[in-house]
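Read the structure below first, then the notes.
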Amino acid sequence: MASPCLIAVLVFLCAIVSCYSDNPIDSCWRGDSNWDQNRMKLADCAVGFGSSTMGGKGGDFYTVTSTDDNPVNPTPGTLRYGATREKALWIIFSQNMNIKLKMPLYVAGHKTIDGRGADVHLGNGGPCLFMRKVSHVILHSLHIHGCNTSVLGDVLVSESIGVEPVHAQDGDAITMRNVTNAWIDHNSLSDCSDGLIDVTLGSTGITISNNHFFNHHKVMLLGHDDTYDDDKSMKVTVAFNQFGPNAGQRMPRARYGLVHVANNNYDPWNIYAIGGSSNPTILSEGNSFTAPSESYKKEVTKRIGCESPSACANWVWRSTRDAFINGAYFVSSGKTEETNIYNSNEAFKVENGNAAPQLTKNAGVVT
């Protein structure tokens, strides 16, 4: 029989190395060497609040063969043509591609944009991805970087809506406005004019997982502004992501709503890691936070818009089983009792924070 000391060592090694080689999303599909023969199985693998997202499952495959872009009258074979069709589509790519869009790409509902098997880059100095009043969208294995602002101009929003004049956009990588059931998984996002992901204007049922966020200051905004009450119903899961290197703040920054931040790995931040205003509920569980070297940047959290500490004392911000490195610390507040936030289809196992580096080792694009 193994000695108690040996068992303790094995448990420790398991926690940090071998026993958490895959998180529950990756173990759902990546272990199958023939995943490309059953691409749509991916839609069964989401967890958290976006777990019901089907994307283009059950629809036809659509193959992008051209990097061209016509914002008003897209041609078959281009990404914009597939993304704006009314029917469910699973969009794949015929080869490696660098796509510079001329105007924001509106993604219609029931779409999967699946970059697996190719090296797909979006942005490159042009505007990027936009979703408005749609549901069931999956974005997977895309490099999205260098997204820039756009000017006022006409854009095909979808087959049913047609062409509309679109206001100038800020240069986000991914914008979601009044979107339900969306899953953003295994993308690499960096270096855009504004944010990397914005989830606003009543969006809910969102999972953001296995992404790599780096070389960017304002990473992720959840909630429109402090006066937009519809965001009180927002529910977002942020899990298994790698934040950094060189990620400044907003990982995420929430207004209202409920945000579960689980098993993410944080490199040193520039200002703060997790922040919010307007009384969001933030449940931090099993994350690994490595603080910057500066003593005044050690706090993980930042409460915004509080006239005094007592003004935010009832906000429910809770840290459970997080790992804190180099002096990092989380300031909790509000009620601390456990709550069951997920139904049986949404729930997933969250490991202790010391396992987060291993669970996020494959974050970002997979091919």
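In case you wondered, yes, glycine gets a Cβ from its N, Cα and C as well.
Among the candidates Asp170, Asp225, the residue that Swiss-Prot names alongside Asp194, Asp198 for the Ca(2+) site is Asp170.
Looking up Cys28 in Swiss-Prot gives a disulphide bond to a cysteine among Cys5, Cys45, Cys128, identified as Cys45. Looking up the ranges 3-10, 251-258, 355-362 in Swiss-Prot, the one annotated as region 'IgE-binding. Binds to IgE in 5 out of 7 patients tested' turns out to be 251-258.
The recorded disulfide partner of Cys128, taken from Swiss-Prot and restricted to Cys147, Cys192, is Cys147. When the ranges 14-26, 92-104 are checked against Swiss-Prot, the one recorded as region 'IgE-binding. Binds to IgE in 5 out of 7 patients tested' is 92-104. Each of Cys192, Cys306 is a candidate, yet Swiss-Prot gives the disulfide link of Cys312 to Cys306. Listed as Cβ neighbours of the region 'IgE-binding. Binds to IgE in 5 out of 7 patients tested' (92-104) (distance under 8 Å, sequence separation of 6 or more from its ends, same chain) are residues 39, 61-65, 67, 69-71, 79-80, 114-130, 150, 153-155, 166, 169, 175. The Ca(2+) site is defined by Asp170, Asp194, Asp198, and by the 8 Å test on Cβ atoms against their centroid, the other residues of the chain that qualify are Gln169, Gly171, Asp172, Thr175, Cys192, Ser193, Gly195, Leu221. With a 10 A radius on its CB, Cys147 (disulfide bond) counts 31 other CB atoms from all the protein chains. If one looks beyond the region 'IgE-binding. Binds to IgE in 3 out of 7 patients tested' (317-327) by at least 6 residues along the same chain, the residues whose Cβ comes under 8 Å of a Cβ in the stretch are 268, 276, 281-293, 295, 298, 300-301, 303, 333-334, 336, 350, 352-354, 356.
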